[in-house]
Amino acid sequence: MISLHRSCFLNNAGISGSSSPFSYKLKKLPPASVKVTALGPNRDRNSSVLIENNNNPLKEIKEDGTSSVADVDPNPTVTGEDRDLYYDAAATDDQLVTPWSLSVASGYSLLRDPHHNKGLAFNEKERDSYYLRGLLPPTVISQELQVKKMMCSIRQYQVPLQKYMAMMDLQELNERLFYKLLIDNVEELLPVVYTPTVGEACQKYGSIFRRPQGLFISLKEKGKIHEVLRNWPQRDIQVIVVTDGERILGLGDLGCQGMGIPIGKLSLYTALGGVRPSACLPVTIDVGTNNEQLLNDEFYIGLRRRRATGQEYAELMHEFMSAVKQNYGEKVLIQFEDFANHNAFDLLAKYGTTHLVFNDDIQGTASVVLAGLVAALKVVGGTLADHRFLFLGAGEAGTGIAELIALEISKQTNMPLEEARKKISLVDSKGLIVKSRIDSLQHFKKPWAHDHEPIKKLVDAVNGIKPTVLIGTSGVGRTFTKEVVEAMAALNEKPIIFSLSNPTSQSECTAEEAYTWSQGRAIFASGSPFDPVEYKGRVFVPGQANNAYIFPGLGLGLIMSGAIRVHDDMLLAASEALAAQVTQENFDKGLIYPPFRNIRKISAHIAASVAAKAYELGLATRQPQPKDLVKYAEHCMYNPAYQSYR
Ligand SMILES: NC(=O)C1=CN([C@@H]2O[C@H](COP(=O)(O)OP(=O)(O)OC[C@H]3O[C@@H](n4cnc5c(N)ncnc54)[C@H](OP(=O)(O)O)[C@@H]3O)[C@@H](O)[C@H]2O)C=CC1
Ligand SMILES: CC(=O)C(=O)O
Ligand SMILES: [Mg+2]
């Protein structure tokens, strides 16, 4: 296993200099016959390295990360980690004093390499071959037993943040075990690595920060972002989740500490959607923060300045977007996450036509909520067009969902989009969005300014508009008061109530409140998970309406089809695919989303639908189109089972 690594330090194990300053022979370390020849001066960043085995070229890795020999599968999504050929840092010659070196992993270094470490699961042969004798206690255990042991250990922590930190430590120690744990125990661990705990982790990120797990690109890096991207050890990046930390969940501006979100989202790309971990790059853009508490916190890890805006902000973002394309090509997927709405819509509009981008909060959320509504209608009856929708919160999530519902109504009924929008009303911090407010409204709210008298309070809006569906996207907890839920229950036999704001503290109401105040009649879903609720002898299982159902499968579908743009129809396709995964058994239990324990199967179906749409729209570049896209998606998925090292 061989790979080209950027290494800050070199050790003397295993490689001896040869007669040519650019040619090195591996000695001792397996396989002994591998010869490594640097074809250009190692100091030259444009050099490439030829890796041979018994003089047969294995592959040539160029400094830009491309390789020229056919044994490297051109379709990385199907090859899993196989292509991460690998050794530990090793060199003796001065000529190798360069940021780029061949790495040869064995012994102590192998145990400290999260991508290849197997801990006690290294078998006897591997312990011999990889110089591990004595570095591990004698017992050899299976990955399954390691999972069992880790779960016991994680369950002993009472505080969710401790569980989070234990999971992050595991990710840094043994990546495959981390993903095996997460995949096998997804319902238990999702709230640990994702909402709600990731919210607290971001708030305290400065204090709990141990090792960087993503790229921090701050204003200090302006003019150097291309170089900064090259500092990341992996070259073959397929998905980037990027935030600027200004609207982290419903917790506001957490500046640089928002990094927990891209890391968490990308761990779901792998666990839930099967994208290789080495293909995922978490990025935080640090332009400062307006959070005074953080600015005064001695442990804050970001720039201590107020947020850059206007041209300064736009230029940094543009440099980042251009550098990403330059480094990784046009098929790298960029997911915008938790930007404040005054930037989010503009970034999406600006880069949606030049890059493979989507905004998870606007589009991913819309897709998951539409799926939940479509499923809920099977219980409540009627078509989307028969319903009236009221939102508390008219930002990214609120208007994003509203627009996708309107698009779907318009598609289903041939109704003009303008007409379909009239079935949807939104309330923001100033009250109902109405025509008389139009001049002062942000552009994304204007399509929702209907003819209606102004209303300040949500409960009055409920009584005035008489919605059948109430959706919370305000980021403010406990805003669906008893009065509001009771008003919904008075108007509807089965009121549909979604409290989407995250984390749990910001949920518009709890599951217990929704069921109790509606006398067990509400069809309820929330952004962060709630436990089942018992009400009058019946157990109600709330759904989790979270974009985590959508983005992993959407991303996989885009990657496996080689899509070059995200189209609204793909989000509709993802939504339909998710809704189709709700079984009668789920409905019988009152569920409008399928259980997360089936998420990899669900993601494969979503990916297949998205890929099919990409082919249909002529946006897919990977040819020929696989016959069975679901099977292909499953085949592409990363499997965290250990590989044996020969
Ligand atoms: N479940 C899921 O998958 C997802 C959940 N979310 C959650 O949704 C929430 C909102 O996110 P997002 O839309 O991006 O945020 P935005 O900041 O874009 O929008 C928030 C909206 O809520 C309004 N608002 C704020 N306070 C109140 C209030 N007291 N009463 C009425 N309206 C209020 C704001 O009004 P104004 O415009 O007047 O300021 C704004 O319109 C967050 O908590 C986030 O975690 C987001 C994405 C996905
Ligand atoms: C889930 C999510 O993306 C959010 O709350 O912002
Ligand atoms: Mg988000």
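Placement of Cβ uses the backbone N, Cα and C atoms for every residue, glycine included.
According to TrEMBL, the feature active site, proton donor maps to Tyr194. Under 8 Å, Cβ to Cβ, and six or more positions away along its own chain, Tyr194 (active site, proton donor) finds Gly264, Lys265, Leu268, Ala548.
DSSP gives Lys265 (active site, proton acceptor) a helix state. If you look up TrEMBL, you'll see Lys265 marked as active site, proton acceptor.
Here TrEMBL flags Arg247, Asn502, Asn546 as (S)-malate binding site. Under the three-state DSSP scheme, Arg247 ((S)-malate binding site) falls in the coil class.
What TrEMBL records for Glu337, Asp338, Asp361 is divalent metal cation binding site. Under the three-state DSSP scheme, Asp361 (divalent metal cation binding site) falls in the helix class. If you take the C-beta of Asp361 (divalent metal cation binding site) and look for same-chain residues 6 or more apart in sequence within under 8 angstroms, you find Arg247, Phe336, Glu337, Asp338, Phe339, Ala344, Glu396, Ala397, Gly400, Asn547.
For 171-352, the entry in TrEMBL reads domain 'Malic enzyme N-terminal'.
Feature annotation from TrEMBL assigns domain 'Malic enzyme NAD-binding' to 362-615.
Each of the binding-site residues Asn502, Asn546 was assessed for Cβ neighbours inside 10 Å, and the highest tally belongs to Asn546. Counted within 10 Å of its Cβ, the other Cβ atoms near Glu337 (divalent metal cation binding site) come to 29, all protein chains included. For the recorded positions Arg247, Lys265, the largest tally of other C-beta atoms within 10 A is found at Lys265.
Residue environment of Asp338 (divalent metal cation binding site) contains 25 other Cβ atoms, counted within 10 Å of its Cβ in all protein chains. Screening the recorded positions Tyr194, Lys265, Asp338, Asp361, Asn502, Asn546 for a C-beta under 6 A from any atom of ligand 1 leaves Asp361, Asn502, Asn546. By the rule that a residue counts when its Cβ sits under 6 Å from some atom of ligand 3, the recorded positions Tyr194, Lys265, Glu337, Asn546 yield Glu337. Mapped onto three states, the DSSP output places Asn546 ((S)-malate binding site) in coil.
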